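Asker: Copied straight from TrEMBL:
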REGION    52-78  region 'Disordered'
TRANSMEM  99-116  transmembrane segment
TRANSMEM  128-149  transmembrane segment
DOMAIN    135-312  domain 'Lipid desaturase'
TRANSMEM  217-236  transmembrane segment
Amino acid sequence: MLGLPLATAADADVVAMDGHGESSAMGSMGAIGLHLHAFQGLKERDRHILENSMPEDDPNENSATSHEEKNLPRWGPHHKGAQELAKLYSTGKRSQETVCIYTCIILMAANFCFIIRHFQIERCGTIVIAALCGIITADFASGLVHWGADSWCSVELPIIGKNFLRPFREHHIDPTSITRHDFIETNGDNFMVTIPCLARMLWDFLTKTNEEVQHNFSWTCYLFLLAIFVAMTNQIHKWSHTYFGLPWWVVWLQDHHIILPRLHHRIHHVAPHETYFCITTGWLNWPLEKIQFWPSLEWIITSLTGYKPRTDDFKWAQKRA
């Protein structure tokens with residue numbers, strides 16, 4: 001998996017220490033020289049990421065160097081396009097998200113109780129396989145939806161534009177905006193997607209015999225765990241943009257790439273945002289990139305329709321003034 005060996009001044013200081021942990025006589029100029037050398041040694045792609053994506057651990061743009069960047073930022077909360085998009089979040093949308101969150105949680109709790117009721121100890125292996133298949137399916141589904149929303153259609157479309165595509169446009173211009181969203185705004189749409197599946201599952205538990213439930217138990221566990229992972233995908237995505245104050249267990253899961261790591265997701269946020277779309281675990285990003293999965297789909301769609309991907313995304317990114 002691609003890493004991002006981001007060299008820092010602290011890295012240079014470490015290099016300037018001898019094997020016994022004592023500072024060498026190189027001095028500050030030597031440390032600076034080592035820092036520059038380390039930066040020059042970065043892989044070309046890593047340097048490209050540093051230069052062409054927002055430094056998310058600096059959301060206030062304190063690292064902006066040019067007058068143009070400070071007055072006409074390429075990204076961040078002060079970008080004009082990001083501000084316009086943020087204002088499109090409506091009270092109606094908030095109400096829809098709130099209803100979906102509570103409905104989904106009730107359905108999850110009810111289905112979980114039925115799963116526990118019908119669980120048999122010999123099915124432990126089935127649960128593990130269902131969990132693995134569920135999280136891989138969720139990762140691919142997150143990539144497919146993310147790619148579709150990033151690449152096609154417009155915020156001006158009725159209903160889906162302002163309600164469902166708007167957050168994707170805002171997120172590319174201001175990746176840190178998601179860290180300022182509360183639980184409802186962050187997760188409302190993902191919870192909504194799982195409601196039909198969870199509702200049908202509960203109906204089956206209420207209407208089918210015990211024998212019928214046992215016959216389909218493996219499939220039920222897979223769908224339930226898939227729904228959990230889908231519902232939590234945008235929360236995991238939010239954590240990948242959060243550089244301060246995360247619980248230790250979230251950091252541990254990120255560091256071991258059980259969920260989407262922060263530096264891994266930075267690859268997607270290099271303009272024009274054309275790769276690494278999977279955001280549940282990110283496990284599928286590397287193989288999908290290697291087989292050119294997303295470019296192949298885009299080539300087919302562009303060949304058939306003449307429409308180029310990320311046209312609307314680019315339009316909003318240009319609204320700097």
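Using the three backbone atoms N, Cα and C, a Cβ is placed for every residue, glycine included.
Any TrEMBL annotation is an automated prediction that lacks curation.
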Asker: Same chain only, please: residues at least 6 beyond the ends of the transmembrane segment (99-116) with a C-beta under 8 Å from a C-beta of the stretch. Say none if there are none.
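Answerer: Tertiary neighbours of the transmembrane segment (99-116) are 183-184, 187-189, 191-192, 194-195, 198-199, 201-202, 205, 213, 220-221, 224, 227-228, 231.
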Asker: Mean pLDDT for the domain 'Lipid desaturase' (135-312), rounded to an integer?
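Answerer: In the predicted model, the domain 'Lipid desaturase' (135-312) has a mean pLDDT of 96.
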